Each structure stands twice: as structure tokens, then as C-alpha cells.
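**Student:** Supplied in C-alpha cells, the structure appears directly below.
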Amino acid sequence: MRTFEGSFCGKDLKFAIVISRFNSFITDELLKGCLDGLKRHEVDSENIDVYYVPGAFEIPLVCKKLAKSKKYNAIIALGAVIRGSTPHFEYVSAEVSKGIANVSLEQEVPVIFGVLTCDTVDQAIERAGTKAGNKGFDAAMSALEMANLMKNISS
């Protein structure tokens, strides 16, 4: 039996990060964690491009444009959608997750879902670098592993 998995070495890999400005007090921390994860694993700063979008709903469109360019080994989507008192949360969360998955499948480029979908601000803060670690860092690890796995499958 042969098994295949991606490594966490980022040398010579290119990454795009698409980040929502909405809830920036959370997303800025996710970005810090993401950049830390990539740089700790030998990704050169010159191989990281960061694209800001207004809100989480806009993330899939920019991811699609970047994936179609074939310039990146993986794309990381970062955002924070926090439940309010209207059904808006459900609509945005569902469309963002579906949109990101569709881009990845259609373009055959890993698009990593680093969008927090939380019931409270406290939950989001916990996932952006306090009690529950930093999900931006976790997204970077997934991007590294998937970029290398896809590279291995292609060769």
C-alpha cells in the first residue's frame, strides 16, 4: 500500500490570502497567525500576497479570480461572521462556505476555509489567538499541506 500526504515545507510555494475587513479586530489577528504559520515553514514574504475585501460575502469572488490565474499553490480565505439577531448570519455563512468550496473544486486549487462562523464575539476572539489557538495559523498549516499534496499528485 502506498500513502500520500503533503508536507509542511513552504519553500518556493506561493500563497494568496483573501481577508475580510469586516470584524477587523478579529481578522487582523487571524492574519497575524496565518503569516506566522507560513513564515515559520519557510515561505518567503515575497511569495505571499494579501487581498482585502469588504466582508466575508466578497471572499469567494476574489478567490475565484486568483485561482483562475494559476499563480498560487493555495489560497487562504480569512474572515469572521458573527451571529446577530437576524437571519443574515445563516445566509452569509452558507454562501461563503459554499462559494469557497466551489472555487476549489472548479479550479483545482486548494482554497482553505479560514472564515470563523461564531455565535458570539467571545467565541471569535477565542479562535483568533486566545483560548482556542489561532485559526489563521491552522489555515496556513492546511494550505501548506494541501499545496504540497497537490504538487505531489501533479508530478
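Cβ atoms are placed via backbone N, Cα and C, with glycine included.
Just lifted these from Swiss-Prot, have a look:
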- HIS88: active site, proton donor (ACT_SITE)
- PHE22, ALA56, PHE57, GLU58, ALA80, VAL81, ILE82, PHE113: 5-amino-6-(D-ribitylamino)uracil binding site (BINDING)
- SER85, THR86, ARG127: (2S)-2-hydroxy-3-oxobutyl phosphate binding site (BINDING)
**Student:** For the (2S)-2-hydroxy-3-oxobutyl phosphate binding site, please report the maximum Cα-Cα distance among SER85, THR86, ARG127 in Å.
**Tutor:** 23
**Student:** Closest to GLU58 (5-amino-6-(D-ribitylamino)uracil binding site): which of the recorded positions SER85, THR86, HIS88, ARG127, going by Cα position?
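**Tutor:** Checking each of SER85, THR86, HIS88, ARG127 against GLU58 (5-amino-6-(D-ribitylamino)uracil binding site), the shortest Cα distance is to HIS88.
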**Student:** Can you tell me which of the recorded positions SER85, THR86, HIS88, ARG127 is spatially closest to ALA56 (5-amino-6-(D-ribitylamino)uracil binding site)? Compare CA atoms only.
**Tutor:** HIS88
**Student:** Identify, in sequence order, the residues in the chain of VAL81 (5-amino-6-(D-ribitylamino)uracil binding site) that are 6 or more apart from it along the sequence and have a CB within less than 8 Å of its CB; answer 'none' if there are none.
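**Tutor:** Within the chain, VAL81 (5-amino-6-(D-ribitylamino)uracil binding site) has Cβ neighbours under 8 Å at ASN23, ALA56, PHE89, VAL92, SER93, VAL96, VAL115, LEU116, THR117, CYS118.
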**Student:** How many Å separate the Cα atoms of the residue listed as 'active site, proton donor' and ILE82 (5-amino-6-(D-ribitylamino)uracil binding site)?
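**Tutor:** If we compare the Cα positions of the residue listed as 'active site, proton donor' and ILE82 (5-amino-6-(D-ribitylamino)uracil binding site), the gap is 10 Å.
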**Student:** Would you mind pulling the longest C-alpha to C-alpha span across PHE22, ALA56, PHE57, GLU58, ALA80, VAL81, ILE82, PHE113, which the record has binding 5-amino-6-(D-ribitylamino)uracil, in angstrom?
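**Tutor:** That value is 16 Å for the farthest Cα pair.
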**Student:** What same-chain residues, at least 6 away in sequence, bring their CB to under 8 Å of the CB of PHE22 (5-amino-6-(D-ribitylamino)uracil binding site)?
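**Tutor:** Non-local contacts for PHE22 (5-amino-6-(D-ribitylamino)uracil binding site): PRO54, GLY55, ALA56, GLY79, ALA80.
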